[in-house]
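Comments concern the structure below.
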Amino acid sequence: MAKEECITQWNKTGDTSTLRNRKIFPTSEKTPSTPLSKDKSSLSEDDTQSSNGTSAEWSARGVVSNEPPSRGLLMLVVGLSFSTRLYKITEPPHVCWDETHFGKMGSYYINRTFFFDVHPPLGKMLIGLAGYMTGYDGTFPFIKPGDKYEHHNYWGMRGFCAVLGSFLPIFAYLIVLELSQSHTAALITATLLIFDTGCITISQYILLDPILMFFIMAAVLSMVKFNQQRYRPFTASWWLWLVLTGVNLAGALGVKFVGLFVVLLVGLNTVWDLWRILGDLSLSMVEITKHFLARVVGLILLPLLLYITIFAVHFVVLNKSGPGDGFFSSAFQSRLIGNNLHNASMPEYLAYGSTITVKNLRIAGGYLHSHWHLYPEGVGAKQQQVTAYLHKDYNNLWLVHRHGDNESQSGTPDLVRHGDIIRLEHKETTRNLHSHLHEAPLTKKHFQVTGYGINGTGDTNDQWQVEVCGGRKGDLVKVLRSKVRFRHRATGCVLYSSGKTLPKWGWEQVEVTCSPYLKETPSSQWNIEDHINPKLPNISLSVLKPHFLEILLESHIVMIRGNSGLKPKDHEMNSKPWHWPINYQGLRFSGVNDTEYRVYLLGNPVVWWTNLASLGLYIIMVAVASIALQRGFSLGQKRIGHSLVLMGKGGLLLLGWLLHYIPFYTMGRVLYYHHYFPAMLFSSMLTGTKSTAFCLKAPLLLCINCNAFSVSFYLFHPLSYGMTGPLAHEPGSAMAGLKWMDSWEF
């Protein structure tokens, strides 16, 4: 009999998908709009129409009805969150860690100077806007960590990030309250984040992380609120939370590409929601189609439009030439004021005797480049290095010569044509572009490319045949517009930019090889960008400016390749994903020795280890609850309700943690400790939600948790707010006895 009661209770929640016990829900047209009863035992309309049809039942049965009012608790969370994040916001008054990057990029926006970054632009735009609105003039250089800000107004950018970081515990409180209907669980969650030294530290500096996490948590909160409106479809509040979910998804993706993880979380939740709607036999196919189209508009088209708008604003604001030009194509650069290609004019066709730069058509393929340095011993022939360089530089200049002839010093020069044999002489070093059968430094199946000879003299390995892609013999080479290949006469290979980064002996520039594989690819195709020849008439290049969609696509290809190229460098600290949940090692934000102001990014160990233990305990509890329900054990209505919260709502948070954590195991790029913080938010919310299973001891549980987290915060707070004097292992240190793991470096 007990088993039948449990199965009946399970079916009442509407979570079953079996057709026989399917619950038929009222449509929006049938939703009652009668005033609420004056009876104290009556339920509010919101309660009766909760996300899975069970909250009202649990409230009526006394599970959450004895919770205290939430307004006072919410105000407490708001006060503690803002005070812990804004405290000592101007300390230290110098550049800390990645402020050197993102502060500088904020300055670029204020100065409208184009730059390249591997992340989408929204976060940097908001940082620049915050600085501009608070009086920062964009003149501080942000050269290296430790540089003093002096008279420059930096507090606005830090304060903006801290304010967004202050919303994280607030959002977490509201999310867990919606999911669990327990103020105790929500307050435990907020306490975890309020007193976490890691969350405080990462929120107090000019970084993308607090902005990213703000949009992630706002998207999750909006999604949960939208789920709670599912039995009031197409009402104003239903549309509000749907639209806000889409807006915040665009925000998360517009800050960093890891925002895709929360997009995936919302997408999976939406698929499940639509599957539930499809099983609602009271809805017609027209109504189901309306639900589907509403979600397409709110969760796909709206975020996509906003995301594209972010880039449109980015391109309009950054209209001046800057350090990022060389990562992009010649056509892209022609739109930047101050670039040598902007409103420029140059000879239309390549000619002998011209000084040129040659740019690879692979995105971020670089300019053909050489310098005085030689290949090291054991790397092919010990001749002059030839590389691809991503920035404009004097060492990118080459002279075009007809093989075996000296160009006429007077008269109109001859034009280079498809099929011609040429020699390219490096202008600075006078070495010829050269290849031979030695293997390339990194791409072993390709041949090495070097600089060889002196003052134009060399050998037959300096001869290259010009091929215009899609052209015929005799076709002219158009500057900027012709795709050109250079085929080595002696070996038959083609000049190639591999995209691989050379070691330090190659100045971490891009490897150039001669590929024996003749298939036409962007890596083996080049265009003539700069073209200087005073003997030829010039034409305007304004016709080459690309359309918006072209530069949008190109910018994404460059960002993706830039991300994949972030490999660990020699002796560079590279954190491992398994380090993160156990709080194995932090990050130095500022200072090293006892005379410096030291800030160390490290999570509150009591908070992080509680979250880690809760993950394991959650899996055990769900397994036990599932077996108990399946076997029909008498748990009582209250326990059944909490078990369903644990399995359903806790499962959503566990999925969020997995989506924001597991993908890092597959990434080949360099990883850092701070990459775990979005996942840490989900594990903290899961810890709070899990506490609903202990609701009978809620006051005691809340007291124990708050005391433990606050005491540990008091012990470890110098990591966040800064410390000077002796190091942790020295007597008299503020952190004496607190270096619980040898891998901690404070």
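Including glycine, each Cβ sits where the backbone N, Cα and C put it.
Just so you know, TrEMBL annotations never went through curation; they're auto-generated.
What TrEMBL records for this protein:
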COMPBIAS  8-19  compositional bias 'Polar residues'
DOMAIN    347-403  domain 'MIR'
DOMAIN    413-469  domain 'MIR'
DOMAIN    474-531  domain 'MIR'
REGION    1-66  region 'Disordered'
TRANSMEM  155-176  transmembrane segment
TRANSMEM  182-200  transmembrane segment
TRANSMEM  207-226  transmembrane segment
TRANSMEM  238-271  transmembrane segment
TRANSMEM  292-317  transmembrane segment
TRANSMEM  606-628  transmembrane segment
TRANSMEM  700-717  transmembrane segment
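Two recorded stretches are said to be in contact when at least 3 C-beta pairs lie under 8 angstroms, sequence spacing 6 or more; the transmembrane segment (155-176) and the transmembrane segment (207-226) meet this definition.
For the transmembrane segment (292-317), same-chain residues at least 6 beyond its ends with a Cβ under 8 Å from one of its own Cβ atoms are 109, 112, 120-122, 125, 234, 239, 242-243, 245-247, 249-251, 253-254, 263, 266-267, 270, 273-274, 548, 551-552, 555.
As a whole-number mean, the pLDDT of the domain 'MIR' (474-531) in this prediction is 93.
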